[in-house]
Amino acid sequence: MKPHRIRITHDLVSAYGMLGKMQVLRPKRATPESMTAFHTDEYIHFLNRVVPETAEELTFHGTRFLVGEDNPAFEGVFEFCSISAGGSIAAAQSISSGASDIAINWAGGLHHAKKREASGFCYINDIVLGILELLRSYPRVLYIDIDCHHGDGVEEAFYTTDRVMTCSFHKFGEYFPGTGTQEDKGKDKGRNYTINVPLKDGITDEAFKSVFEPVVSKIMDVYRPSAVALQCGADSLAGDKLGCFNITMHGHASCVQFLRQFNVPLILLGGGGYTVKNVARTWTYETACALGIEKEIDPNLPWNEYFEWFGPRYRLEVPENNMDDLNVKDGSLDKVRYNALQQLSEIPCAPSVGMHDVPRESVGKHLGLEVDAGRDEDGVMDDLDRRLTRTLHLRGKVLWLTCHCRACTLCVQDARGRCIRSV
């Protein structure tokens, strides 16, 4: 789950010359204020100040915020979260404004994060934040999850509303997070607007399409979403270190191709994926699918900085393996498909909602109380941006940097950018 996956993907997309075929946006990092649109104030405050040395104390011995071993505190956790969430929020804003038909944030898709707790390698739920931004302009949003794990965090967030329909295709049965049965259909106004498609080990392209396409077609027919967010978790690929499906790159990307046919505004998000070279291959190919040039690109990988990572077959492909498809073997797939379609048939019509004029700026920004992410109160770049843009000269374990502590014109700083002594 390290950002290195995104770097490799970006480099491969660039090597194929796709960056010039789309608008590349560097979004603002999400502010703590924008994150509290979903998460609690105390949780965001915790993430903003936790470091490995204080994690035990701030989590009350691992009983709050970071429960379990999947979500350790690490240096820069809040910066990572703000970049990921900022990308998904900016993607939603680009779609809502009409600037884009399809927006991509492969650094997003962290679907397990809860309102006040990290879960399953996910600290901030950028998907929920992006969907909330879409709901400012659109009456109905469809969320589809093809990650091998159930999208429990997003489902939980919209479980009681009909303005968001969630549909998750995932492995179920003694598998994290252990949720996502077909009995989970939503509650109150959200009744029947939560769709779960639990699958078993070894599902192949053909079997996956046989359930994905009819279910999604029915959803588009009865729910008529104004925008779609597709979480393209790549741990559902064959050969993934944690996944247990047998889907090829082309089978995975067929979901993007299928949704593109409906001509509905679409956001593509990343997610899981633990065989890194296959993740980069698939998200690169799905970028090509979003651009409509998948038939034009060369299956032989072009030279790039990470070319050696893709051996021994330097090709844009993820082949299937010899796993048994338990879904077909025991006939459970037909029942799962029938149950999902039956649930959708109980929806009378697409729900409506009274829409109002969307404020162009928040009250805080209008009053001058809001500070943009990436800049401090004086409009100067914050410490993270300064450290990213300054040239670092290593001298042993000390970094020689231009000082911005305002106490001196030049100083010596440690790895965290703290002034050690004036020079």
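Keep in mind that glycine also has a Cβ here, set from the backbone N, Cα and C atoms.
Per-residue confidence over the domain 'Histone deacetylase' (1-288) averages 96 (mean pLDDT, predicted model). Among the features that TrEMBL reports, domain 'Histone deacetylase' is placed at 1-288.
What TrEMBL records for D70, G120, Y274 is substrate binding site. All protein chains included, G120 (substrate binding site) registers 21 other Cβ atoms within 10 Å of its own Cβ.
Feature annotation from TrEMBL assigns active site, proton acceptor to H112. Every protein chain considered, the tally of other Cβ atoms within 10 Å of the Cβ of H112 (active site, proton acceptor) stands at 26.
Under the heading divalent metal cation binding site, TrEMBL lists D147, H149, D235. Other Cβ atoms within 10 Å of the Cβ of D147 (divalent metal cation binding site), summed over all protein chains shown, number 26.
Cβ proximity to the divalent metal cation site centre (mean Cβ of D147, H149, D235, cutoff 8 Å) flags the following additional same-chain residues: C148, H170, K171, G233, S236, L242, G243, G271, G272, G273. Each of M1, H112, F121, C122, H149, F176, L242, G272 belongs to the same chain as D70, G120, Y274, is absent from that list, and has a C-beta within 8 angstroms of the C-beta centroid marking the substrate site.
The distance from the Cα of G120 (substrate binding site) to the Cα of H112 (active site, proton acceptor) comes to 6 Å.
The Cβ of D235 (divalent metal cation binding site) lies under 8 Å from the Cβ of D147, C148, H149, L242, G243, G271, G272, G273, Y274, each of these being in the same chain and 6 or more residues away along the sequence. If you draw a 10 Å sphere around the CB of Y274 (substrate binding site), it holds 17 other CB atoms from the protein chains shown. When every Cα pair among D70, G120, Y274 is compared, the largest distance found for this substrate site is 14 Å.
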